[in-house]
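**Student:** Before we start, here is the structure in question, set down as structure tokens.
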Amino acid sequence: MGSRGLGLALACCLLLAFTCGLVLGRVPRGQEEQQEQEGTKEPPLDHTERAEEKHEKYSPRQGDEPSASRCFRCCDPGTPVYQAIPVPQINITILKGEKGDRGDRGLQGKYGRTGSMGARGHVGPKGQKGSMGAPGDQCKNHYAAFSVGRKKPLHSNDYYQTVIFDTEFVNLYGHFNMFTGKFYCYVPGVYFFSLNVHTWNQKETYLHIMKNGEEVVILYAQVSDRSIMQSQSLMLELWDQDEVWVRLFKGERENAIFSDEFDTYITFSGYLVKPAAEP
């Protein structure tokens, strides 16, 4: 065993001796209080004095500062108030990064249920008249024309009679109704009309060209020994659904128009001169 081992053993012995001395030299707390009481030999205290002594024992004296390692109860007077340690705050603005790019648009969701129809709102004010539109295509022209005839004579009676025609020469788009004997306007504009009849010997000829139930012009021929051809023509401005026809006057006078089964003596014609849509 060398000198190094001998020094180590000696150090261990000294450490052991120092530890045993501390343990043996410590007196228990109960024995220490008993020794103090025996040494002082003070008379025993009553219950009130003991409570005051106990209160003084655990209460700090004036001028003395409590030890930092001493424990206190919350109900003891003079308990020191400790200041609350502030919680450290983190500045989020420092940690916030830059705004990222916009993501792709997601898929469209399902349609929801159709709600019930709400109440009808109030009628709004009438808007202002719009400006005139651009002119239409010049290739799109409007047409209206007819020419019809009658091969049967017609005599007056107690009522007005609409002259019905039995021969159709031209009836573009069917605007002239052969059953009612009337022309119906479907293209507003200016029209030209012409009526030709043959008078009857020893009888008057008394007809009117009518527009919507009103007498517009008259075709008249006095009684004569000879029958002659009579004509009447005019221009009318018509609007949609206007009606034009020929009417024989009622039997206040004996009047008639002549014709036969072989030739056509009575004709009624009309055509559109200028549509209202054109400027």
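Cβ from N, Cα, C; glycine included.
Annotations in TrEMBL come from automatic prediction, not curation.
Annotation source TrEMBL lists signal peptide at 1-25. Annotated region 'Disordered' per TrEMBL: 30-68, 103-134, in sequence order. What TrEMBL records for 38-64 is compositional bias 'Basic and acidic residues'. Taken from TrEMBL, the feature domain 'C1q' covers 139-279.
In terms of burial and nearby residues, how do these features look in this structure?
**Tutor:** Remote same-chain partners of the region 'Disordered' (103-134), defined as residues 6 or more beyond its termini with a Cβ less than 8 Å from a stretch Cβ, are none.
Each residue in the domain 'C1q' (139-279) has a pLDDT score, and their mean in this model is 91.
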